[in-house]
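Participant: Copying in the features that Swiss-Prot gives for the protein in this structure:
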BINDING   Lys22, Asn23  phosphoenolpyruvate binding site
BINDING   Arg92, Arg121, Pro122, Ile123, Asp124, Gln125, Asp304, Ile326  UDP-N-acetyl-alpha-D-glucosamine binding site
ACT_SITE  Cys116  active site, proton donor
MOD_RES   Cys116  2-(S-cysteinyl)pyruvic acid O-phosphothioketal
Amino acid sequence: MEKFVIRGGKPLRGTVQISGAKNSAVAVLPAALLADSPSVIDNLPDIKDIETLAEIIKRLGGKVEKGKHEIKIDPTGLNSFHPPRELASRMRASYYLIGALLSKFNEAIIPMPGGCNIGVRPIDQHIKGFEALGAETTIEHGFIRIKAEKLRGAHIYFDVVSVGATINLMLAAVKAEGVTILENCAKEPHVVDVANFLNAMGANIKGAGTDTIKITGVDKLEGCHYTIIPDQIEAGTYMVAAAATGGDVYVKGVIPTHLESIIAKLVEMGVIVEEYDDVIRVRREGPLKRVDIKTLPYPGFPTDMQQPFAVLLALADGISVITENIYENRFRYLEELKKMGMKVRVEGRSAIIEGVGKLTGAPVYATDLRGGAAMVIAGLAAEGITEVLDIYHIDRGYEAMEVKLQALGADIIRIRE
């Protein structure tokens, strides 16, 4: 087991380079399995979820050559549609293998997805879509089995906006016979990124980033060289860390338009934000103001950023409210922040946070990936020493977090116990 030990109270200063988008990468790697030749994917984040996916692809018969930020995937030897449970159950995004393997073999057997324990996250919209394409679904003994004689295009309306279902149905429909129309689609940047990757391999996908996506099935895809977009959530995390510590940080290698909702809330709180081509400067010189936050599908405020912002709201003047509209039960991390002096109560989908001005160091657990990031930010801003335990959650989605923070002047070390 490993933990972070943080001595707080030091403003972050300097420049941080943002890695490739986790949420893109975990879908692009399964998408590469659809080609009849190798693909090279770069700007890959060096995180645990990518290591897990690479190992799964090897177990399925694919060849993988992985560097730190680049991977070559050769799917020509793929011979299995049944990823091993011990690997696939580690990460929720393993469900993208369903769409990819269903498209490749007309069959997929996947263990129920793992990842962060943040409440009910059903995959009913995925299953509804697969069945509309002609597949049959059974769930037994902890596995999802999906099988089709032939996949045929269909008109599919998602009952709720779902990033996972939108991407998974693109993967499944890309080689299906005829035309597939997806309506009420997610518009997140990584949805567009996956569509761009598939199109670079020869797919015919139009409308990604809008409510309606049209997919005209093609007979074959060929591998390509592709660069993943920067990680908007990692960028947002460092922007919040700069504000929480009263620092001055240049967040480099970003697409500012992907961060508009995050920037808007920081500015509303009194943080100074300057935008350049691929750099955002974040600095705080005065007190933080209270704000209310409602998580919404993109371009609304991202659910993955409410946890870091909760720390900022604890340091602000007045009472703020976070309303979580995407996932149920995504406030478990707040119990840990209470140990550091946070005043908060949860009422249904809302967390009411009373600003306390300062936090104090304490031993806390990273309850999940983004909750773990919130613990680190709290530790950086707090008086005294904070220990963040169970940091494997953080390593699943943040590349070398302590190394990047050390370069900004943070007093943070990783300890192996």
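Numbering starts at 1 and runs along the chain as displayed.
Heads up, the Cβ atoms here are built off N, Cα and C, so glycines get one too.
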Participant: So if I draw a 10 Å sphere around the Cβ of Lys22 (phosphoenolpyruvate binding site), how many other Cβ atoms end up inside it?
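Facilitator: Taking every protein chain into account, the count is 25.
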Participant: Of all the binding-site residues given, Arg92, Asp124, Gln125, Ile326, which has the fewest Cβ neighbours within 10 Å once its own Cβ is left out?
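Facilitator: Comparing Cβ neighbours within 10 Å for the binding-site residues Arg92, Asp124, Gln125, Ile326, Asp124 has the fewest.
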Participant: Specify the count of other C-beta atoms within 10 Å of the C-beta of Asn23 (phosphoenolpyruvate binding site).
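Facilitator: Taking every protein chain into account, the count is 27.
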Participant: Find, for the listed binding-site residues Pro122, Ile123, Asp304, the residue with the lowest Cβ contact count at a 10 Å cut-off, counting only other Cβ atoms.
Facilitator: Pro122
Participant: About how far apart, in whole Å, are the alpha carbons (Cα) of Asp304 (UDP-N-acetyl-alpha-D-glucosamine binding site) and Asn23 (phosphoenolpyruvate binding site)?
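Facilitator: That comes out at 11 Å between the alpha carbons.
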Participant: Could you say whether, by DSSP, Arg92 (UDP-N-acetyl-alpha-D-glucosamine binding site) belongs to a helix, a strand or a coil region?
Facilitator: helix
Participant: Look up Asn23 (phosphoenolpyruvate binding site) in the DSSP assignment and reduce it to helix, strand or coil.
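Facilitator: For Asn23 (phosphoenolpyruvate binding site) - judged by DSSP and reduced to three states - the answer is helix.
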Participant: Could you find out if DSSP has Pro122 (UDP-N-acetyl-alpha-D-glucosamine binding site) as helix, strand or coil?
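Facilitator: DSSP call for Pro122 (UDP-N-acetyl-alpha-D-glucosamine binding site): coil, neither helix nor strand.
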Participant: Could you state the CA-to-CA distance between Ile326 (UDP-N-acetyl-alpha-D-glucosamine binding site) and Asn23 (phosphoenolpyruvate binding site) to the nearest Å?
Facilitator: 16
